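Inspection log for the structure reproduced underneath, given as C-alpha cells.
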Amino acid sequence: MEALRQRIEAAFEARANITPSSVEPGVRADVETVINMLDKGEMRVAEKIDGQWHVNQWLKKAVLLSFRIFDNGVIEGGETKYFDKVPMKFADYDEARFRAEAIRVVPPAAVRKGSFIGKNTVLMPSYVNLGAYVDEGTMVDTWATVGSCAQIGKNVHLSGGVGIGGVLEPLQAGPTIIEDNCFIGARSEIVEGVVVEEGSVISMGVYIGQSTRIYDRETGEIHYGRVPAGSVVVSGTLPSSCGKYNLYAAIIVKKVDEKTRGKVGINELLRIVD
C-alpha cells in the first residue's frame, strides 16, 4: 500500500502534464485501483482513529488525478444519455447484487463510481459524488447532494435538498464530515470540511462553512468548523463588533445526549425554549 501511495503522490506532482492520451499505463492502473477500493469501502478518504479524524490526502489526490486521466464517454441512462469522465456506480448491478448489498435506489438517483454506499441505505432522487463514503442505515433524501470525498456516518438523515460540500470545486484541504446519528434539516448546507459531530440535529435552512460562527447560547462559546456532539442547531444572527448590524450565525440552542435523543422526536428537539 505504501508503494501505491508513493506512486500516486508522484503522479499528482506531475499532473499538469497528464492527459487521457499521454498518461502512463501504470499511473492509470494505480488510479483505477484506488477508485475501485474506494467504491468497495476498502479504503476511505478520511477515517476516525482514536477519536480524531485523519485525512488520507493521497486518496484524495487519486480522485483528483482521475479527472485528468479518464476521458469523457457516453453513459447510458435509461431514457437519456450522458457524456462524462466518471461511470455510474450501479451501471453493472443486477437485482441479486442490489439485494446482497441491501440498498434501495430510487430513480433518478445518481451515484458515481468510486463512492461507497453502506447496507440498509436509502437513496431517494439524490446525487453522491465519487470518493464519498455513506455508511449503513443512512437516508439521502430527495435532491440532497453528497459532495466528493464527503464522509457520512451511520444512521444519518440528510433531508430534502441538503448540500454536503465536496473537496474538488473549490479544492478543500479536508472533506466535510457528518458523524453517526445526525439529522440535517431540509435545504441546509454543510461545506468546506466542517465536522458535524455525533448525534447533532441541524434545523432546516442552516448554512455552515469554516467561517460561520457557531454560537453556543448556554456557554457563550463560539466554534468554527465544528459542531460539538449532541448539538441542536438553528440559523440566527450575532451582533457585529460595531453593534450597527447583525451577521449570520448558527446557534446551538441546546444539547442532548443519546438517551434523550432516542426518546424525543426531532421536531420536539427543534422547538426553542426562550
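Heads up, the Cβ atoms here are built off N, Cα and C, so glycines get one too.
Listed in Swiss-Prot:
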BINDING   ARG104, ASP141  substrate binding site
Long-range Cβ list for ASP141 (substrate binding site), cut-off under 8 Å, min separation 6+ in sequence, same chain only, gives MET124, SER126, HIS157, LEU158, SER159, GLY160, GLY161, VAL162, ALA186
Under a three-state reading of DSSP, tell me whether ASP141 (substrate binding site) is helix, strand or coil. coil
